[in-house]
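Taken verbatim from TrEMBL:
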type	residues	note
SIGNAL	1-22	signal peptide
DOMAIN	15-49	domain 'LRRNT'
DOMAIN	292-340	domain 'LRRCT'
REGION	338-362	region 'Disordered'
DOMAIN	362-396	domain 'LRRNT'
DOMAIN	643-689	domain 'LRRCT'
REGION	691-729	region 'Disordered'
COMPBIAS	710-720	compositional bias 'Basic residues'
Amino acid sequence: LLLLTAALGAMVATRCPAPCICDNLRAHVLCLNGSLMAIPDTIPELTKRLDLRGNSFMVIPAGAFLATPYLTHLDLQHCKVERLEEGAFRGLGRLVYLNLASNGIALLYQESLDGLSSLQQLILEGNRIEEIQPGAFGHLGSLTVLDLRANALVYLPDMVFQGLQVLRWLRLSHNSLHVLGSEAFAALPALRRLSLDHNELQTLPGEALARLDGAIWLDLGHNPITYVAEEALAMASLRHLFLDHASLQDVAPDAFARSPQLRMLDLRENQLQGLPPLAGAGGLARVSLDGNPLLCSCLLRPFHHWLARARVQAEGACAAPPALRGRSLDSLKAPEMRCSRLRPPPGPTTQPEQPRGAGSRQCPRGCVCSPDFHHGSCENKDLREIPQHFPGDTRLLDLRRNTFRTVPPDAFPGLKELVSLHLQSCSIRTLHPGALRGLESLVYLYLTDNHLSTLAAAAFEGAPQLAYLDLDHNAFTRVPVSAFRLLPNLISLHLQHNAIGELAQGDLAGARGLRWVYLAGNAIRHIAPAALAPSKMLEKLQLQGNHLQEVPTAGLWGLPALSELKLSQNPIKHIGDSAFLPVASSLQHLYLDNMGLEQISPHAFAGLGSRIRSLYLESNKMSNIPDMSNFTGLEILNLQDVPFHCDCQLLPLHRWINKLNLRVGATCGSPAEAQGLKVKLSTAFQTCPAWGRGEAGETNPNKTKAASKPSKKKRSKKPPARSFSKSPA
């Protein structure tokens, strides 16, 4: 027996590649810091841990590890990998740990990670990933930790993490993220911890974060966020929030009112001179304000009183006035926090003595601003004209809820560093030519809830960096023609809840960089052929809640990148053949719900196939749907509240649904004896002549439902067979 064991050991040892070290006893193989240019094909088959750090593979080809199916741990750090071919890890169904850190990977394709059904940790830190194709993680149903730190991600599209049903920690630190799709985190029901620190987020991405009902730990530190708005964060389970080392200058009183479980709030090293009482944050136990220039005047008394009343521990020290400099917050007494020296003396011409600091006197009367903190606010001050003379380094200017009615030329002189301008609810009817002249750094412009009905391109003269334009809830009856030709960097256009009746050719002329167009809640009845074609980079088109009576097929030509189309709540009763053919090669998310849809042509989805990730058909009136068996990449299918007629014509749908590992919600609306039953479970199909044929019918056609049980037992034997195959080790 000893001789035989030694012989077998020697035989296995001879298969160890020359530059590697093989520990057969522990089934470990190390090939460190060598000159391997390809994955060795002589690695022992029974290897469980393979360490290939420090080699030069460049490309991981399809099926690279088919010869080592028992791997549980694979380390490919510092291997100069630039590309993962589709199917690169196919066959590694037992792998639980994969480390690809410190390589040169720039793009994750849909099938790059196929075959890793047991993977629990995926490390992609320190690559060059700029884009993640939705569906790239669709096969990683066991993943609990995903590390994408230190890459080149700029934005996250909707549903990008679809398929990660048990992911608990997502690490996105040290990227360049400044845009998150509203549904970017929608498919992460088990996520508990999210790291978004060290990015370029300028506002708190509340809409995206609201999808994370179970998250308890959120790190947003080291982002240039200047302001946390009202009810900005709606995370029901959040306990720990980090907003340290940002650029915060103000926090709304009810900013965290919709995060009732919040226990710890880290606001260290910001530019806060104070905080208001934090309404609704009843569970808060600790607030850290160390490193902020706290002004311990009478203005801080309400917050100080709230700390005592709510029994919240606060860390921080006064920066001013001089008499209190260095005093900790918890040592202060209310009478010490005085305002007498900050009150201006009577008379319109004299000004109060100001603290030292360049430009600190430069602020319009009634507004709050400081050149040291890059934030100006005149919100709800009953102003009739746009104030001027803000500090020249102001980056966020909040002028909401005033009554300007018009924005004149050169309305914002000297604000070359302004990034975000808020003009919501200001009764604005006219944006004059040259209104934004000089705002050469402006990225965000919010004009929601005004009375604008037209815009001239000249209004945007001098603001070439504008990327996000929000014109929701105005009085537009059409898209302002050629208004965007001076905005080469425009990415996102909001025109929701206006009165737009059609999209005409030329409406988007010049908007070449548009990625997202939001037109929900208008009165659009018609979209002209190629009306959207100037925006060839368009990824998301939202048309829900309009008056379209048919799918605007002709209007979709020329959009090779469109991945999301929302047609929900339009009165479309019938969808004809090839309705989505113009965008069939790119479309991934299609919303056709709540339309009163009565019929879908058998070839309506021609051209669509494996790229489709989500399809919403709920709350319609059709009784059947066409064959969708080629939709092999589906991750979401919603068929709730559709009155399916469960007869033999629906048998293909029944079979297809049974093959999907998805909850689709399809129920029978008729006949009477099947009403209310799940299509997936209904026995109404057992009387169909074709019941015993096809994929479901490899058994005798005359056998009943009970006859299908042996096939289930047969399938259940597969896991023991796989575990038995490990026994030779």
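The backbone N, Cα and C atoms fix where each Cβ goes, and this holds for glycine too.
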Next item on the list: Let me know the model's mean pLDDT on the domain 'LRRCT' (643-689).
Entry: 87
Notebook entry, point to check: In the domain 'LRRNT' (362-396), how many residues does DSSP assign to helix, to strand and to coil?
Noted result: 0 helix, 7 strand, 28 coil
Checklist line | Tally of DSSP helical, extended and coil residues in the domain 'LRRCT' (643-689) | finding: 19 helix, 8 strand, 20 coil
Notebook entry, point to check: Counting only residues 6+ away from its ends, which parts of the chain sit with a Cβ under 8 Å from the domain 'LRRNT' (15-49)?
Noted result: 9, 55-58, 60-61, 64-65, 67-74, 728-729
Margin query: Can you break down the domain 'LRRNT' (15-49) into helix, strand and coil residue counts using DSSP?
Written below: 0 helix, 7 strand, 28 coil
